[in-house]
C-alpha cells in the first residue's frame, strides 16, 4: 500500500526539486564592482557570473563598451571585435597599430598575444577608463604597448606633424550614445588616410541599423573609394574595412590574398574564439554592392549632425 508518509515525502521531495530547478534557472543578477563619475561620463563595472562588463551609463544594457569572461580572458566576447580582425586577412603582420577608443583594453591584449613584436598605441580621451582597464580588465602595457590619454583627433593631428604612420588603425571610440561626430567627418578620415602606411588598413566599428548608415558610407567612400563591409547576422554591428588607396590589394584579387592568409591565421585566431572562414564570408565589397543612395551628403566638420540624427 502507498502510505500517507510516503506520499508526503514524495511530494516534499518533488516540490524541493522543482524549487531548486527554479532557483538555478533564474538569471544571474549583475553585481556592481565599481562605479564613478569621470570628467566625461558615468563609468560602471558589472560582474554577472563569469562575465565582467564596462558600461558608460546605467540606463541601458546597450551601453556595454567592453566585456570579457574572467575564466577565459583571452576569448573575444563581442562579435564585432572578432570582425575587426578581418584586417589581418589583408595585412597579417602589421608592425605599428593605432587603436582609438580603449574600452577595457581587450582588443589591445588580443593583438599583443597575436603580434607580440608589434607596437600598439591605445588612445583614450578619458583617463578614468584607462585606470579601470588596468585594474578590472587586465589591460597589459609594456615598452611596445602604450595607453595615451588624449582626444583621438588631437592625437592624429599631432602624429601627422611628427610624420608618424601606422600599418593598422582601429576606430572604436564611443561616448555612450554613438561615435563622437568629430571622428566621423571627411576631414578626420582624410587625416586617418594620411596616417596610414602605403599598405595600411583601417577598420572602424559602426552600426548597420544607425540612422547615420548612409552618411557614414558615403563619407568613407568619398575618402577611401570602395571599401569592405564586414558583418553577419549575429548582431547589428558593421565593421568598415578600408585601405590606403596606394595599397596593392586595389589592383589584385582580394580572394587570392585572403586565401593565402587564411591557413596561417586559422589556428592562432581559434584560441580567441574567432572562426576565420566566417570572417571571410562576412566580407563584401561596396564595388559590387553599394547599399546607400548615391546623392547622400558627406559628413564634414561643417555638416556633421551625427549625434542629432542618432537621437531622433
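Cβ coordinates are placed from backbone N, Cα and C, and glycine is handled just like the others.
Of the residues proposed, 124, 135, 141, the one TrEMBL records at the same S-methyl-5'-thioadenosine site as 41, 151, 152 is 124. With the fewest other C-beta atoms within 10 Å around its C-beta, 151 stands out among the recorded positions 124, 151, 172.
Shown in sequence order, 40, 100, 101, 123, 125, 126, 129, 149, 150, 173, 175, 180 are the same-chain residues outside 41, 124, 151, 152 whose Cβ sits within 8 Å of the Cβ centre of the S-methyl-5'-thioadenosine site. Under the three-state DSSP scheme, residue 151 (S-methyl-5'-thioadenosine binding site) falls in the coil class. The separation of residue 172 (active site, proton acceptor) from residue 152 (S-methyl-5'-thioadenosine binding site), Cα to Cα, is 10 Å.
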